[in-house]
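In what follows, a structure is listed as structure tokens, so that the remarks can point back to it.
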Amino acid sequence: MKIAEIRARQVFDSRSNPTVEVDVILQSGAMGRAIVPSGASTGIYEALELRDQDPSRYMGKSVFQAVTNVKDILAPQLIGMDASDQRALDNRMILLDGTENKSRLGANAILGISMAAAKACANQLKMPLYRYLGGAQAHLLPMPMIQIIGGGLHADSVIDLQDFLVIPVGAGSFSQAMEMTYNVYNATKKVYHEHNLDISVSDEGGFWPRFSSNEQAMQILTQGIQYANYIPGQDVAIALDVASSHFYKDQKYHFAAENKEMTTEEFVDILESWVDKYPIISMEDCCAEDDWSGWELVSNRLGQRIQLIGDDLFTTNIQRIQKGVELGVCNSVLIKMNQIGTLTETLDAIEETKKAGYLPVVSARSGETEDTTMVDLCLATNAGQIKVGSIARSERLAKYNELLRIEEELGESGIFARREVFKNILS
Ligand SMILES: C=C(OP(=O)(O)O)C(=O)O
Ligand SMILES: [Mg+2]
């Protein structure tokens, strides 16, 4: 499966921002194509997404240099390599870049090749990508975590929290999870109408937060679950992405929407009160990416009650995951390929997560495309959970629809994660 050619170009993501697309072509003629996603609420420890910073073009956001790096720097060094030796390929790119955070060549350049190479191999073998990456053991259809209301940096910070999501814990299959989510999404729309709240959507397609407080979004969402005739917590539970790194300054948490400033202790008290009041089963980025002591506090208080996911905290980085495990913070890790920049390092991060008894949640970015590699990654590793955004935008539905196809394709051998996915972490 020797690489014959690598092409790259600038295309666009769901926020209409430029991003990198790469084609890897093997000597057999088999081709893999991948598009790299892009975050808005990025963590400071993420691998670097190279943007041209030229204000005269695409407001500084073009990725022409990353595309050039693929074509002129990486491709000549990779042509002739065996694309099926993913680790060797990724290591070669890491060495060619030579920095800690892939800032010379760009994680977007490197990841584009990394993903496209795997896809080319799967295509040559006429195999689904999840089967190529995961082998005979790939079988677990993930429990989805789906955004109904979007806030934070995905909605001009109208409210501070970023994601108000549902987990259809009562679902018996992936397709049933989709149906239940559809019902809650549309019931929530009714709740909006009833409260005379205008409908529009935020970056990932969840409803725009027409609220003056963060808690009101939880009230509306709980109502949405009830309006859809589900029992909150039992049929459909709530998950939050607090994404607090973006409102943590000078050792304080700031709710701009509520004009409120809190110490870590006060903030954790509020998070705990929400878990008492609402059917919350999962919270992401409760504390900021550098507030390790805050994370220890929240983990002691809530770690036996709900899933605690580190996103900005871990950035899919094995060293940061290991530190978290040593300190006993969180019990779950959000997995985003472009936070670390190669498929191999992502697979290593998932393995490390599982080894520690933590739960991996494979996640999209707020800037997405038709690329569905993350779905294959989730299936290949039997990760058990997936977070894609809402069910109301095509770049998200590309992933959900692919999962529906895989559910059909696997038939009897496909097992849906169900609520049991949480059994090792919740008492
Ligand atoms: C998907 C997320 O947002 P972004 O891609 O903007 O980091 C997230 O924070 O989990
Ligand atoms: Mg997050």
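Cβ atoms are placed via backbone N, Cα and C, with glycine included.
Feature annotation from TrEMBL assigns domain 'Enolase N-terminal' to 3-133.
In the predicted model, the domain 'Enolase C-terminal TIM barrel' (138-424) has a mean pLDDT of 97. As annotated by TrEMBL, domain 'Enolase C-terminal TIM barrel' applies to 138-424.
Arg365 ((2R)-2-phosphoglycerate binding site) has a Cβ environment of 28 other Cβ atoms inside 10 Å. Here TrEMBL flags Gln162, Lys336, Arg365, Ser366, Lys387 as (2R)-2-phosphoglycerate binding site.
Residues annotated as active site, proton donor in TrEMBL: Glu204. Other Cβ atoms within 10 Å of the Cβ of Glu204 (active site, proton donor) number 29 in total over all chains.
TrEMBL lists Asp241, Glu284, Asp311 with the feature Mg(2+) binding site. Here the Cβ of Glu284 (Mg(2+) binding site) has 28 other Cβ atoms within 10 Å, regardless of which shown protein chain they belong to.
DSSP assigns Lys336 ((2R)-2-phosphoglycerate binding site) to coil in the three-state reduction, outside any helix or strand. The Cβ neighbour count for Lys336 ((2R)-2-phosphoglycerate binding site), using a 10 Å radius and every protein chain shown, is 24. Here TrEMBL flags Lys336 as active site, proton acceptor.
Each residue in Gly39, Ser41, Asp163, Glu204, Asp241, Asp311, Leu334, Ser363, Ala364, Gly389 lies on the same chain as Gln162, Lys336, Arg365, Ser366, Lys387 and has a C-beta within 8 Å of the C-beta centroid of that (2R)-2-phosphoglycerate site, without being one of the site residues. Cα-Cα distances to Glu204 (active site, proton donor) place Arg365 within 10 Å, out of the binding-site residues Asp241, Glu284, Asp311, Arg365. Among the binding-site residues Gln162, Lys336, Ser366, Lys387, the residue whose Cα lies closest in space to that of Asp311 (Mg(2+) binding site) is Lys336.
Among the recorded positions Glu204, Asp241, Asp311, Lys336, Arg365, Ser366, residues whose Cβ is positioned under 6 Å from ligand 1 are identified as Asp241, Asp311, Arg365, Ser366. In sequence order, Gln162, Asp163, Leu240, Val242, Ala243, Met283, Asp285, Ile309, Gly310, Asp312, Leu334, Lys387 are the residues of the same chain, not among Asp241, Glu284, Asp311, whose CB sits within 8 A of the CB centroid for the Mg(2+) site.
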